[in-house]
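Over in TrEMBL, the protein carries these features:
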ACT_SITE  Cys167  active site
ACT_SITE  His246  active site
ACT_SITE  His333  active site
ACT_SITE  His337  active site
ACT_SITE  His366  active site
ACT_SITE  Asn370  active site
DOMAIN    25-306  domain 'FAE'
DOMAIN    330-412  domain 'Beta-ketoacyl-[acyl-carrier-protein] synthase III C-terminal'
SIGNAL    1-25  signal peptide
Amino acid sequence: MEIFMTMSLLTLFFGFFCLCKLLLQRRDQSCYMLAYECYKAKEDMKLNCDSSAKIVMRNKNLGLEELRFLLKTIVSSGIGEETSCPRNIIEGRNPTRADELCEMDGIIFDTLDKLFARPTSISPSQIDILVVNVSMFSPAPSLTSRIINRYKMREDIKTFNLSGMGCSASLIAIDVVQNLFKSYKNANAIVVSTESIAPNWYCGKEKSMMLTNCLFRSGGCSMLFTNNKGLKHQAMLKLRHLVRTHIGSSDEAYDCCIQAEDESGYQGFRLTKHLTKAAALAFTMNLQVLVPKVLPLREILRYLAVSRLKSAKSQKPKADEGVGLNLKTGIEHFCIHPGGRAIIDGIGKSLGLSDYDVEPSRMALHRFGNTSAAGFWYALGYMEAKQRLKKGNRILMSGFGAGFKCNNIVWEVLKDLGDANVWKDCIESYPPKTLVNPFMEKYGWLNDEYLSFLRLDFSQLFAELQLFC
């Protein structure tokens with residue numbers, strides 16, 4: 001009997017010890033966002049309707065068919081008149097190494113200068129971890145080295161350069177930080193997310209590669225994180241869940257979004273018809289892991305009951321029914337990556353979201369374009385500028401990336417937020433009364449049937465038209 005009691009007590013004590021250890025480990029693994037700063041380009045980098053047309057007409061490889069395709073794509077892209085791109089593209093110059101580095105320095109140093117100037121009590125010398133993600137540019141010395149040299153950071157700082165990760169790379173960078181926080185106590189981390197546009201403008205005429213020129217624009221964001229409990233009172237957000245899904249083992253998914261050369265040798269980024277299929281599969285697989293972590297049990301049971309009932313009646317789910325789960329029972333705000341109108345509308349429909357829910361992503365796309373991995377933070381900034389984010393709210397960030405991957409992250413808002421940030425000078429005018437792009441009004445004549453019988457030098461024709469405007 002005494003042996004039995006002793007064994008029982010030992011088992012109970014061991015169980016209690018394991019529980020305490022688990023709780024302490026989770027407590028030490030907190031990841032808080034202290035601040036973030038998005039990039040706003042200078043006025044001379046603006047890419048409005050007229051400057052976009054000049055760039056398009058400059059391409060001698062484009063015929064009437066390609067111009068009509070571009071017109072249709074730009075009009076339906078969801079991008080407005082205030083987006084920006086590198087100066088070498090606007091000026092029509094082939095990019096030099098200086099242009100490439102100037103673009104990165106302008107975005108990275110601008111956002112970091114503003115971040116370190118914030119009243120967060122964190123200086124460059126206090127940064128323990130630095131992660132930079134730029135998918136299509138990897139110089140030597142690295143971008144992290146340029147940052148360390150500029151801000152004279154410590155010799156023992158841990159640095160990571162992520163490339164080729166695509167539009168959801170900033171969520172991957174945050175995952176890197178979160179995992180490093182498990183090994184380093186009271187650490188501070190910087191994540192810098194941007195994309196290189198200057199050397200990656202496509203000059204060919206393959207339609208699947210021309211799409212990126214219509215969507216991608218200059219942008220970037222620098223973020224400050226910590227796992228120091230003493231700084232929790234300064235934090236904006238706390239990371240709750242992060243789920244990464246990678247389906248690159250499928251050739252179809254791997255090839256649907258890939259950097260390549262066309263038949264004429266022009267390099268660009270090819271988006272194939274299999275992209276939507278790969279995105280849907282990866283998104284579904286990701287939600288299967290994430291949903292049980294964020295939704296209340298009653299919603300999951302309701303969904304299972306409804307699904308079983310439909311299965312018993314041999315009813316196949318309709319294409320427009322979406323996932324069938326009410327994510328709003330566990331999430332208050334949705335930050336869909338503003339990669340394009342079709343992406344925002346597709347995810348919004350599949351999740352059963354309202355126009356109010358997807359408004360931040362649509363407005364970020366309209367004002368700043370697809371800024372790749374930085375896009376999430378422009379949408380988050382919109383929510384904050386509109387004073388939507390209240391203490392206790394949860395935010396779901398959803399994005400896709402080449403490879404092919406889907407990453408979702410859930411944040412908890414730790415205090416009421418209302419900084420107008422990068423939206424300060426225009427938030428009062430958003431959402432605009434209309435999102436109609438002026439391209440059709442100005443260049444709809446490209447669709448006139450009589451042009452099909454003519455051979456025209458469109459670059460010369462455009463220059464002549466400009467003289468009369």
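Heads up, the Cβ atoms here are built off N, Cα and C, so glycines get one too.
Please treat TrEMBL annotations as automatic predictions, because they have not gone through curation.
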>> Given the active-site residues Cys167, His337, His366, Asn370, find the one whose Cα is closest in space to the Cα of His246 (active site).
In response: Cys167
>> Return only the integer: C-alpha distance in Å from His337 (active site) to His366 (active site).
In response: 13
> Roughly how many Å separate the Cα of His333 (active site) from that of His366 (active site), to the nearest whole number?
Replying inline: 19
> Can you tell which of His246, His333, His337, His366 has the most other C-beta atoms within 10 Å, given these are the active-site residues?
Replying inline: His337
> To the nearest whole angstrom, what is the C-alpha distance linking His366 (active site) and Cys167 (active site)?
Replying inline: 17
> Near Cys167 (active site), which residues of its own chain have a C-beta under 8 A away, given they sit six or more steps off in sequence?
Replying inline: His337, Gly339, Asn370, Ser372, Ala373, Gly375, Gly399, Phe400, Gly401
> Along the domain 'Beta-ketoacyl-[acyl-carrier-protein] synthase III C-terminal' (330-412), what average pLDDT does this model show?
Replying inline: 94
